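Engineer: This is the structure, below, for whatever I ask next.
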Amino acid sequence: MIQNVQILTRNDAYWQDNEWKKLLSTAFSSPKRLLEHLNLDLEQLPYSVLMEHPFRQRVPQPFVDRMEKENPLDPLLLQILPLHEESQAVSGYVDDPLGEHKSAIPGLLHKYKSRVLVMLATACAVNCRYCFRREFPYANNNLGKSQWSSIINYLQSREEINEVILSGGDPLVATDDYLAEFIAKIETVEHIKRLRIHSRLPVVIPQRVTSQLTEVLQTSRLQCVFVTHINHPNEIDKTLGRALKRLHNAGVQLLNQSVLLNGINDDSDTLVKLSEKLFANHVIPYYLHLLDKVKGAHHFDTDEEDAIAIMHRLQRELAGFLVPKLVREEAGKASKSWIDLANNNQ
């Protein structure tokens, strides 16, 4: 049972609805402009930047504000800056590493028996360079209100489904009114018990956690789980902490999943700090993903043996509930695969 849930009202000092939309619309799309803002000389960088790419740069100001100026190796910058390595073809790295490009209903993926994933939005607030859906055919999976009835009918016909996962893109790119209306439709399906939202938007624009959003989640008959995507402790500042506290106070269960990224968080010290900082902000470390082998992201990949060694150090340094599960997702598998640590003692 959730204790001490605070009743939130529209009179609380929340961010205005148009604030996050303005920040989204003014995101940095030019690598050159971003580097100039960070006082970085393009000619002095230890890597080659792609100035133009079909999967273009996109990063909002609040996330940029957490980057260290004059540091070309800033771990937040390296997650979003297009590099020359993305143009290299590497064997084993493909457009569709998880086999998601074909679905029976546009905008819906039913990979796991009791859960379905709904692509509520096709855009993101930030284009993470390691994204496994960077090549996803969003144009063929654009979910408008005209497709809602097909999804609800699908849910009604399959009683084994008890959880709906909102994903994308980023589902919180949708407006609060749109989210509220769609969630209300899901609530009409009696055997649906949980709503899970996977989003990075509050991480890069904390102002997205509006009074209406928390109200919608707090008053839903569904158990609400919110999974943040945070990879490095530097991503968590006071403003994000404020947003996370609001979700927590609304009775929302907060979990986090990270991706193990070469040169960004592939060391135990960073991940220990991340777990501690997450829990201090009401978030439980949930999954640590090995990289999905998507084309253009090979330079982020890490060796599985190194990942296992890192996990053993985390187990020694952290309380058990602060240690995320090391997992890999593979096309065609009925669930994520947990990496066996017991038979890999180090």
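Just so it is clear, glycine is given a Cβ too, placed from its N, Cα and C backbone atoms.
Pasting the feature list from TrEMBL:
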- C124, C128, C131: [4Fe-4S] cluster binding site (BINDING)
- 110-325: domain 'Radical SAM core' (DOMAIN)
- K336: N6-(pyridoxal phosphate)lysine (MOD_RES)
Engineer: How big is the Cα-to-Cα gap, in Å, between C124 ([4Fe-4S] cluster binding site) and K336 (N6-(pyridoxal phosphate)lysine)?
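Structural biologist: Just about 24 Å between their Cα atoms.
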Engineer: Where does C128 ([4Fe-4S] cluster binding site) sit in DSSP terms: helix, strand, or coil?
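Structural biologist: Note: C128 ([4Fe-4S] cluster binding site) is coil by DSSP, not helix or strand.
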Engineer: Along the domain 'Radical SAM core' (110-325), what average pLDDT does this model show?
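Structural biologist: When the pLDDT values over the domain 'Radical SAM core' (110-325) are averaged, the result is 94.
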Engineer: To the nearest Å, how far is the Cα of the residue listed as 'N6-(pyridoxal phosphate)lysine' from the Cα of C128 ([4Fe-4S] cluster binding site)?
Structural biologist: 21
